[in-house]
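So the structure is just underneath, and the comments pick up after that.
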């Protein structure tokens, strides 16, 4: 008697069995971690996504697919952000195991959207693989958008792995870093699709590879041929503002007050050296970073310490603190030579650095690295001259594209990031931080000046190219000629996250179609059953 044929499950047979999908998810997280600083092997980002998709599309059960995605996300976010434990251990007084557990728990939470990505991929490729595979890049875009906008933790998006590759990164002028991440995912998905289809439908495999390659190359070709390239700067030297970027390397937390006094003196000395070096410039601006020697904006006569700079006709942009209720606002203060001021208060606070997420609901009180901060209520730009207006983000705000888009819409022509990455020691944190600002420059078409306490300070042009850097741990001053952006807006500034919203509409539409087909199937089955009776 012949044995009965095994029923088809709708899921392509995997040549890995048993624990292989789990190893694939772990390997995927490892490869993606290697694509980010400090390693920077960016081609591994494609390999990582391909491995993850192979694992998810090999899963027989929906729950398994979701768990694979969750495991991948948790391992990647912990593996690429472990350095956040440095501040908790050294300055927060936590034990090493507790700090790593805390960051591990945070990684598990921010991996929830990655689990949703895996669930979506499994659902939409299960029974009708060809149309469903087109939705995979959209699922990834939605996953990252949820992580950045809903969970407010958009650190290390996939696009950051290729931030220093202009032929890929400059496509962000169209749809932000979400588009670049979707491009990488589309190519990885096409490779996995081709591998799955090659044995039975080679023509479909070739078509899939062609589609994925076009999705990767078309925006890239547009960037390389000039359609998305920022216009070359044809301004004369008089149009530039000479930015004196001061990196003072002030100590983080110390009980030796003389150390802070020495840092203040060093900061002023560096600023004066920079002004002398830029003496032939018509417009000069000194920028001080976020640091422990920030100005106390509530202290009467606080600006007196800046008089040696203002007296020379320079603008001064500095970090400051201002009392708000029982906490403080992390502030950027701009002083004009005549003593008038404008200020921006940080809107997006650093989790565990300036506040504890859901802190009021926790059974124990967790410490922050500073006094509990209060978020600013308004997004404002700081006016300098008719053609120069600053959009100033403070530290962690570099990870929020919508904030910098709002700056540009309000007329910002130069973006500034004041940061203090010294909290994280000699770890990859500062280099990862810098990559976010590469995309903020590309997305807005504005040059970005990043000034940090102890590195990495940098000048980034409007095309996302890093023009100069000040290394970590090196007190220094740089004089950078910065040309304000022209009046034209990039497509991303005009349409915002339209690409992300389109991806959300696509995946919701796909899910509704799946639901409708299942309802129709069961309705017809019941109708046939009733008719048969």
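In case you wondered, yes, glycine gets a Cβ from its N, Cα and C as well.
The domain 'CN hydrolase' feature in TrEMBL is assigned to 246-484.
Marked as transmembrane segment by TrEMBL: 12-33 (among others).
What TrEMBL lists as transmembrane segment is 39-55 (among others). Long-range Cβ contacts of the transmembrane segment (39-55) within its own chain (Cβ-Cβ under 8 Å, at least 6 residues beyond either end) map to 14, 20-22, 24-25, 27-33, 68-69, 72, 118, 121, 136, 140, 158, 161-162, 164-165, 184-185, 187-189, 191-192, 195.
Positions annotated as transmembrane segment by TrEMBL: 62-79 (among others).
Annotation comment: TrEMBL describes 99-121 (among others) as transmembrane segment.
Tertiary neighbourhood of the transmembrane segment (175-196): same-chain residues 12, 45-50, 53-54, 57, 129, 133, 136-138, 140-141, 144-145, 157-162, 168-169, 205-206, 208-213, 215-216, 219-220, 401, 439, 443, 491-492, 497-500, 503, selected by CB-CB distance under 8 Å and a gap of 6+ residues from either end. What TrEMBL lists as transmembrane segment is 175-196 (among others).
What TrEMBL lists as transmembrane segment is 492-513 (among others). Residues 120, 123-124, 131-132, 135, 137-139, 141-142, 145, 149, 172-176, 178-179, 182, 401-402, 405, 408-409, 443-445 of the same chain lie 6+ residues outside the transmembrane segment (492-513) yet bring a C-beta within less than 8 angstroms of a C-beta in it.
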Averaged over the domain 'CN hydrolase' (246-484), the pLDDT of the predicted model comes to 89
